[in-house]
Amino acid sequence: MVMADGPRHLQRGPVRVGFYDIEGTLGKGNFAVVKLGRHRTTKTEVAIKIIDKSQLDAVNLEKIYREVQIMKMLDHPHIIKLYQVMETKSMLYLVTEYAKNGEIFDYLANHGRLNESEARRKFWQILSAVDYCHGRKVVHRDLKAENLLLDNNMNIKIADFGFGNFFKTGELLATWCGSPPYAAPEVFEGQQYEGPQLDIWSMGVVLYVLVCGALPFDGPTLPILRQRVLEGRFRIPYFMSEDCEHLIRRMLVLDPSKRLSIAQIKEHKWMLIEVPVQRPILYPQEQENEPSIGEFNEQVLRLMHSLGIDQQKTVESLQNKSYNHFAAIYFLLVERLKSHRSSFPVEQRLDGRQRRPSTIAEQTVAKAQTVGLPVTLHPPNVRLMRSTLLPQASNVEAFSFPTSSCQAEAAFMEEECVDTPKVNGCLLDPVPPVLVRKGCQSLPSSMMETSIDEGLETEGEAEEDPSQAFEAFQATRSGQRRHTLSEVTNQLVVMPGAGKMFSMSDNPSLESVDSEYDMGSAQRDLNFLEDSPSLKDIMLANQPSPRMTSPFISLRPANPAMQALSSQKREAHNRSPVSFREGRRASDTSLTQGIVAFRQHLQNLARTKGILELNKVQLLYEQMGSNADPTLTSTAPQLQDLSSSCPQEEISQQQESVSSLSASMHPQLSPQQSLETQYLQHRLQKPNLLPKAQSPCPVYCKEPPRSLEQQLQEHRLQQKRLFLQKQSQLQAYFNQMQIAESSYPGPSQQLALPHQETPLTSQQPPSFSLTQALSPVLEPSSEQMQFSSFLSQYPEMQLQPLPSTPGPRAPPPLPSQLQQHQQPPPPPPPPPPQQPGAAPTSLQFSYQTCELPSTTSSVPNYPASCHYPVDGAQQSNLTGADCPRSSGLQDTASSYDPLALSELPGLFDCEMVEAVDPQHNGVVSCLARET
């Protein structure tokens with residue numbers, strides 16, 4: 001895999017490999033290092049993968065050679081091109097195409113997800129490259145965002161065929177390899193598979209990543225990730241169209257035989273929305289049979305001949321696919337002719353489709369004579385035009401090589417083993433052209449390249465152009481850098497006052513080979529254009545319909561303030577929301593309106609590494625056993641607490657720490673977060689619905705419009721919440737008053753009356769306390785309350801004045817708290833027999849009832865079920881069948897009129913209610929009849 005991370009550190013001269021000057025390091029591995037090099041003849045930047053063969057075993061060495069063999073077979077505009085293979089006794093040098101804009105993984109991490117139109121164009125390029133490989137019986141088996149590179153024009157380049165292999169139709173493969181988040185379920189299960197179906201699954205994951213900016217299958221550990229892949233369940237965000245969802249679901253099918261084929265993907269409705277137009281191939285690719293000399297680019301061959309390179313040896317190298325210095329120079333010159341036409345040594349730049357072979361030869365010979373001039377004619381450009389005449393015997397003596405701990409870098413000492421042919425000159429470095437193109441600067445994601453007829457450009461250049469102010473304005477914002485645009489279109493754009501038409505397109509695959517190269521080193525930093533709107537945004541703003549193509553569109557300088565707002569709007573649009581829901585589309589309800597966008601991108605993830613033997617994941621997990629389980633169980637309570645009390649951003653941060661902890665315990669796994677946080681939050685939504693609703697942390701930016709059905713559901717939820725709150729308050733009140741359900745004996749239980757000879761007054765503590773719990777109907781009260789009107793429905797239940805205390809006394813308060821749906825209490829048990837001479841004591845029953853008296857007396861006789869103790873003076877006034885009664889205050893007693901027998905059933909059918917006495921600031925409870 002070729003990487004383009006970080007700034008390159010220029011090292012002119014000291015380190016060389018063959019014709020290449022090493023300018024920096026792109027990446028390092030265990031047994032290899034990737035260097036950024038520049039060919040001294042063609043001035044083309046390349047990526048050089050230096051492999052230490054002495055550190056590889058036979059299996060890995062065979063894998064390297066197979067990768068080289070596959071790359072030699074492939075020649076596609078969206079596949080990294082192999083230029084040269086150099087091999088010594090212990091080292092192997094692979095010179096490949098250099099993708100300047102790096103991985104699309106990093107692009108998504110920095111810029112967010114792609115819109116579906118742009119993702120479709122990228123996916124068409126990926127699909128064409130994979131179809132090309134499958135047509136040559138080659139399967140990649142490691143398609144992922146890290147292996148999809150972006151060239152100067154933001155076009156896709158597939159890299160890293162390390163897991164690639166050959167396949168035959170109908171034969172199954174049995175090497176279970178790949179990157180876990182992109183691997184198909186049959187790989188995890190250890191089943192034999194067909195290669196193309198494996199790539200189809202990986203392409204489905206890649207398409208999901210392009211559109212959503214996150215992975216469909218993810219997990220903190222490899223076994224969890226494996227389980228989710230085998231389940232085949234993933235979330236669809238609200239911003240994804242139904243056609244795109246249908247395509248992804250048809251690609252991510254667990255049964256390999258039911259997945260879409262490449263031909264079916266090309267015919268899918270979502271893909272047909274925007275189909276790239278195939279332009280004529282200017283430089284036809286080599287056929288399977290041996291090409292003749294006429295099938296090679298004559299212009300490049302003549303130029304090589306002018307540089308002193310034997311044309312016959314070059315043709316033989318190309319026919320034999322030797323990939324030596326001759327072939328490398330030819331490939332690099334062809335590539336420069338395609339991409340850097342502005343700096344290619346041609347006297348008059350004409351459209352390649354209009355040139356004749358004889359014209360090519362004449363122009364090449366004429367220009368080659370000027371290229372071969374001595375370097376001394378151009379003293380200021382000594383560095384650009386320096387001679388590359390390389391004496392093979394004095395290369396090592398001319399330079400001193402720095403020492404390094406990396407054996408791959410130390411292998412540069414073996415330069416004398418790499419034979420280089422004699423070359424008499426070199427080309428100029430690619431420089432921006434003299435003529436200025438009128439264009440609009442834009443983000444790299446929507447870079448476009450103007451393709452203008454060469455004849456239109458020559459007229460009116462000297463006249464005053466009003467659009468120069470627009471050009472100067474854009475130049476100041478980009479640091480005096482001018483950028484051409486990498487996409488060619490069939491739309492015409494007219495610059496104001498210039499009278500020139502620009503042909504532009506939304507499809508990066510239609511890149512014109514006649515467009516000028518003016519990217520330079522500006523594309524190394526993808527963030528310098530963030531505040532400027534794309535040309536496509538301006539075009540769409542002036543069109544009434546997205547599908548409408550207007551032949552004349554005027555462009556004006558944009559306001560910097562509006563550009564900043566446009567940039568913020570675009571960045572907000574590219575962020576994926578956090579509340580995906582499984583099993584349904586989030587856009588089906590209004591709950592997704594105003595969702596706070598999350599800041600979770602691929603930059604928070606560790607890059608996935610391809611591994612072998614993915615089918616042994618479960619076995620490895622069982623062997624780890626106790627090491628993995630505590631990690632998984634320890635995360636659950638932490639996430640439960642976070643989901644109800646912490647903001648979403650803190651949840652994301654803490655879950656990242658949990659994921660990193662898991663990764664430290666399992667270093668061989670690939671800890672990735674992405675949708676893992678969303679997945680865990682979704683799993684916690686159902687059990688924590690009520691705490692989430694009461695959480696002060698806002699989840700939505702604004703109140704969404706509520707439908708009638710939602711309002712009804714919220715009303716029911718509110719009623720249920722109030723019921724639960726009142727029930728909890730009632731239980732707390734019972735516990736406070738020392739009333740427990742276990743203290744009420746059942747109807748079949750009877751309590752004996754023990755003898756109590758000691759006075760009850762000596763047993764009472766200074767403050768009120770009960771040795772036995774009272775029933776909910778009668779409870780002690782510390783204050784005297786007046787008669788309340790709510791008792792008027794019981795006319796016979798009148799209060800009597802207390803004999804020892806002046807003033808009336810209200811009945812003791814009930815403990816209930818406005819309870820709804822309260823069940824009536826069970827009937828009380830019959831009173832136990834009592835000995836006549838025994839002193840009465842407090843009893844314990846379910847509920848206090850009003851018993852009928854045995855005699856018709858004006859003073860009621862209280863049954864033995866009462867358990868209010870009184871003093872000795874009051875006890876003498878009661879018969880032996882009466883029970884002493886206490887209200888919590890000494891020397892006080894209360895008497896009640898008995899209830900009629902016909903009123904008892906109604907009493908038991910009542911429920912408890914409460915009323916507030918405003919005079920005493922107390923709560924009085926009673927039984928209210930149900931209606």
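Just so you know, the numbers here start at 1 and follow the chain as drawn.
Placed from the backbone N, Cα and C atoms, the Cβ positions cover glycine too.
Site annotation (Swiss-Prot, ligand ATP) includes L26, G27, K28, G29, N30, F31, A32, V33, V34; from K43, K49, the additional listed residue is K49. Swiss-Prot records phosphoserine for one of S505, S534, S895, namely S534. Swiss-Prot marks one residue of T169, T175, T221, T489 as phosphothreonine, namely T175. In Swiss-Prot, the feature phosphoserine is assigned, of S532, S550, S670, to S532; the remaining candidates carry no such note in the record. When S317, S587, S657, S858 are compared in Swiss-Prot, the phosphoserine annotation sits on S587. Across the structure, A32 (ATP binding site) and T25 (phosphothreonine) are spaced 11 Å apart at their Cα atoms. When the recorded positions K28, K53 are scored by other C-beta atoms within 10 Å, K53 scores highest.
Reported as a whole number, the C-alpha separation between L26 (ATP binding site) and K53 (N6-acetyllysine) equals 20 Å. Taking each Cβ in turn and tallying the other Cβ atoms within 10 Å, the top scorer among the binding-site residues L26, A32 is L26. Scoring each of the recorded positions (N30, T175) by how many neighbouring Cβ atoms lie within 10 Å, the top position goes to T175. T25 (phosphothreonine) counts 19 other C-beta atoms within 10 Å of its own C-beta, drawing on all protein chains shown. In this structure, the C-alpha atom of V34 (ATP binding site) lies 6 angstrom from that of T25 (phosphothreonine). It is 19 Å from the Cα atom of T25 (phosphothreonine) to that of K53 (N6-acetyllysine). Over the domain 'Protein kinase' (20-271) the predicted model carries a mean pLDDT of 92. Cβ neighbours within 10 Å of V34 (ATP binding site), excluding its own Cβ and spanning all shown chains: 24.
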